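What TrEMBL lists as active site, nucleophile is B:52. Annotation comment: TrEMBL describes B:111 as substrate binding site. Feature annotation from TrEMBL assigns domain 'Pseudouridine synthase I TruA alpha/beta' to B:8-105, B:144-245.
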């Protein structure tokens, strides 16, 4: 038995998220089935965290145990071959100790949200960015973001079906930056609530276009009430960037 | 009668290139038909240059004459509405003098070619980058590129069905740079031969992976013979960036 750590990239558009579902394609099921096709066993894949329908990943991490002896390179090549033509790519495969756990050992997760701030419709990046046509004020968005950094009760920014035991989370960093007509929102935390980043992004856009002041963001946080929420950003612009360990 | 200058972005994948064809969808035909759908007349669109099947554009320029009185903003909005769901976007529309000509007045065209230099298959950027798994030496590629800058007979790098009167062209600049596992090849010239950038890119990759030396690129140029060519790069990674005037 050997445990492998996989680093995974995927386009979230054709999938009902990361986690295996009884109906509909998911990233976890696709990779588990690819293992089955080359290793003759369908193992269980443990991801660092779940992503929702339509959410992308550039550096998802997962671990898996395989009985038959394969080198990490062979595992990576075989998975990539069997995953074709699905838009899932194994970027890296490493042999790890049997006590490594992709979910429980993960010390930090980071996400990036990409907004395209222009009037014209998207072409090449459709499904991969959120098109916001109203002009956005990045300075105001950063002021609002600063109110959320740290340890808070994030009930306002939590999906109704979120399964976390507590709404208290520590947001390590939340930065907004502009490059041309793209706006990047980068968030890092030990862990996130369900829909937390998309909820926060929706509210940051309300600040950016002037419907909210930065102080309204603080009020929304302090309300600890989902009805104080602006609106959720769509999954299109959200990328799971990486998971950190050790 | 009013002449408009359009700046256009498109995903080349679903199109048989820019120019209207008797069979199959093209970018020019899609925009002309969109004019027909809102203005009641199907005008002729003059592009700064043609792009091939699968080649993208971030800043194609074209002009068109419209009889009925519309503001530039109205033209842009109506075209974008009628073009849905095709991946073509009118980024800008300006009223221009009747003597402006998108093709004949164009003083310079620039293209960018994006190579993804990694082993793992592409996911989010499939059809939008060329995946090259062999490690590429960007310094060697730049040395080879330097041999091509200036005025030369580019017969080696010309498609057999190229319609240009002369194979002599002036390459204003040709730069290769790396950012992470992406390699960008940027080319600018008053005008290009058919397949010139894809031919040059194919040869630059042969230099990058060591099959050619930079001097082999010079020999290929001096051969003035298409059989001296390495191989063409695919259209996937090629972007028409902009056209300059005046």
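Glycine is treated like the rest: Cβ placed from N, Cα and C.
Curation plays no part in TrEMBL annotations; they are all automatic predictions.
Across the structure, residue B:111 (substrate binding site) and residue B:52 (active site, nucleophile) are spaced 13 Å apart at their Cα atoms. Summed and averaged per residue, pLDDT over the domain 'Pseudouridine synthase I TruA alpha/beta' (B:8-105) gives 96. Sequence-distant contacts of residue B:52 (active site, nucleophile), defined as residues of its own chain at least six apart whose C-beta falls under 8 angstroms from its C-beta, comprise B:12, B:17, B:194, B:195, B:235, B:238.
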